[in-house]
Amino acid sequence: MDKFRMIFQFLQSNQESFMNGICGIMALASAQMYSAFDFNCPCLPHYNLAYGLGILLVPPFILFLLGFVLNNNISMLAEEWRRPQGQRGKDPAVLRYMFCSMAQRAMIAPAVWVSVTLLDGKCITCAFCTSVPVETLGNASHPGLSQGEMKRVLARIPCKEIYDGQEFIANEVAVRYLRCISQALGWCFVLLMTTLAFLVRSLRPCFTQAAFLKSRYWSHYIDIERKLFDETCAEHARSFAKVCIQQFFEGMSTDLAAARCHPPRKAPADAGEAAEKLLGITDQGTMNVALKSWHRCKPPLHLHPPALPSSNGWAGEKQPPTHPPAPRREMAAYYSRV
């Protein structure tokens, strides 16, 4: 169990590298899935286009959403976007930075799928086989066929075993023509994605360095603050449960001692330490108020200076009035209503 805890802590501390590795694995998996996928074109005029474009576009969309699902920061981004304004403002630049960082990683696997699909050429051949220029590549003067019958024959180009239009255009000629166009589109797509990645990763910090550093800093702060808040809540819940269980067994021990005339045993010392970690929040209502206050009005990002001692000559000067923090005010209002 300790080994799994160490692995989990390591992944949390190296979350960015871990997410990059996950995106790389998803990219390799998408290429492997396409190679293992059994592509069967329907070879029908009204279904070829939908099937070919569906295989080209639907799996990348699923992989894109899966990239967001596997990213732990998506819930943090949604929480930061939807939370009330409270005492801390929301910076749209930080939210855009967080979304763009997740989108860049989530785009890797879809880009690999689209690239591999275009370079293979089967989807484009299936989708646009009815648009082959027969006038240029074959014999368009064959009598006795209407436009609809001509499309029905051309729709069978991806299915070599049932293709019966050799008198119009050779199957190999049409397939080579469509595959050449598909591979050209594939290499253009790879070039476009590579250029965009270069511009985003290299040139963006050069033009807005100060804004980029500010957005990245506060993005890291929000992530670390959430982790520390979850750890503090888990520690408080553990101490709260420990004290509650200890008090339950103390009460049972007192009742049994009164019934059997035996003195109750003393509570262990670690129960007192657990009680100190509760920080005065010792009931369910107070804890609910504190959690609600954290969601509504997170503390402002301004650390209070340390109080000056009274023996340094400044005690006589007027000090600014101090107000209790927001969680305490809400707790006081809650108990006044109760």
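Glycine residues also receive a Cβ, built from the backbone N, Cα and C atoms like all the rest.
A TrEMBL annotation is a machine prediction, not a hand-curated record.
Record features, source TrEMBL:
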- 21-37: transmembrane segment (TRANSMEM)
- 49-70: transmembrane segment (TRANSMEM)
- 184-203: transmembrane segment (TRANSMEM)
- 308-338: region 'Disordered' (REGION)
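Listed by sequence, the residues of this chain that lie at least six past the ends of the transmembrane segment (184-203) yet keep a Cβ under 8 A from its Cβ atoms are 100, 104, 111, 114-115, 117-119, 124. Note on the transmembrane segment (49-70): residues 19, 22-23, 26, 30, 33-34, 37, 39, 41-42, 102, 105-111, 113-114, 117-118, 122-128, 130 of its chain, located 6 or more positions outside it, place their CB under 8 angstroms from a CB of the stretch.
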